[in-house]
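For reference, TrEMBL has these:
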DNA_BIND  35-74  DNA-binding region
DOMAIN    98-199  domain 'CoA-binding'
BINDING   109, 110, 111, 112, 113, 114  NAD(+) binding site
Ligand SMILES: NC(=O)c1ccc[n+]([C@@H]2O[C@H](COP(=O)([O-])OP(=O)(O)OC[C@H]3O[C@@H](n4cnc5c(N)ncnc54)[C@H](O)[C@@H]3O)[C@@H](O)[C@H]2O)c1
């Protein structure tokens with residue numbers, strides 16, 4: 001997943017109180033915090049009270065030096081010989097990510113992808129509630145998907161205010177995505193997750209994150225290409241010993 005930046009202050013993520021409280025938090029660290037959180041939740045569910053930096057790094061798929069540096073930005077250093085308190089660290093990361101407040105999400109475009117996203121449990125279990133669905137196709141309006149009725153995109157402005165929508169997810173064809181982004185922005189939504197393969201133009205106070213699985217596949221294709229050229233080198237140097245793991249979205 002990539003982030004579109006806006007405005008005259010590159011690197012500054014706007015509209016997020018938690019991040020404003022940590023102005024020096026590097027973007028790459030922010031991107032890894034959800035990985036740590038997921039690993040910590042799994043460890044907590046497995047009964048762990050504490051975890052070493054090596055244990056947490058392995059569970060999150062990063063190296064432990066990077067993890068310690070990331071967590072030091074939050075003022076979290078763990079206890080020598082004991083490690084990090086799992087519950088405390090979960091609370092701390094949730095606070096930084098602003099997950100202590102439940103954020104209402106709307107989804108625009110209820111085609112193949114939109115249907116799958118609307119039924120995805122992973123949003124609710126991680127603190128995001130899809131409160132409204134919108135589409136421009138009259139034949140879809142009124143359809144119930146996982147308990148929510150699809151509304152017409154023309155109602156988005158009113159519903160966004162009523163439901164205090166914080167984040168808009170775009171799952172329309174790329175040709176419609178800019179118009180949908182404009183509607184979201186006019187409705188006061190300042191965070192957009194864009195699944196359409198296009199660049200959106202938005203005001204400087206709006207944050208856009210883009211998800212494009214095809215780009216991730218292209219990056220993997222590059223690694224395949226590189227591995228093939230390395231094994232073809234004289235001496236057959238293989239890259240297979242140094243696997244790289246990067247979360248989709250980082
Ligand atoms: N990010 C990814 O990895 C990924 C993966 C698959 C698809 N996609 C993208 O997601 C988008 C949706 O794909 P899909 O297969 O679900 O398409 P789809 O054609 O099945 O669905 C698109 C939906 O958007 C609605 N729509 C069109 N214009 C609209 C508008 N102005 N306002 C509101 N709704 C509108 C349509 O009525 C339809 O229901 C596409 O842009 C596609 O390229 C991204």
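Any Cβ shown, glycine's included, is placed from N, Cα and C.
Counted within 10 Å of its Cβ, the other Cβ atoms near residue 113 (NAD(+) binding site) come to 16, all protein chains included. A simple way to gauge crowding: the CB of residue 114 (NAD(+) binding site) has 23 other CB atoms within 10 angstroms, across all the protein chains here. Neighbouring residues of the recorded NAD(+) site, listed in sequence order and excluding 109, 110, 111, 112, 113, 114, comprise 115, 116, 117, 135, 171, 172 (Cβ within 8 Å of the Cβ centroid). Sequence-distant contacts of the DNA-binding region (35-74) (same chain, at least 6 residues past either end, Cβ-Cβ under 8 Å): 22, 24-26, 29, 82-87, 89-90, 92-94, 96-97, 99, 245, 247, 250.
According to DSSP, the secondary structure content of the DNA-binding region (35-74) in residues is 29 helix, 2 strand, 9 coil. Predicted-model confidence for the DNA-binding region (35-74) is 94, expressed as mean pLDDT. Secondary structure by DSSP for the domain 'CoA-binding' (98-199): 35 helix, 31 strand, 36 coil. In this view, the densest Cβ surroundings among the binding-site residues 109, 111 belong to 109, judged by other Cβ atoms lying within 10 Å. Take the CB of residue 110 (NAD(+) binding site) and look out to 10 A: across all protein chains shown you find 24 other CB atoms.
Within 10 Å of the Cβ of residue 112 (NAD(+) binding site) there are 9 other Cβ atoms, across all protein chains.
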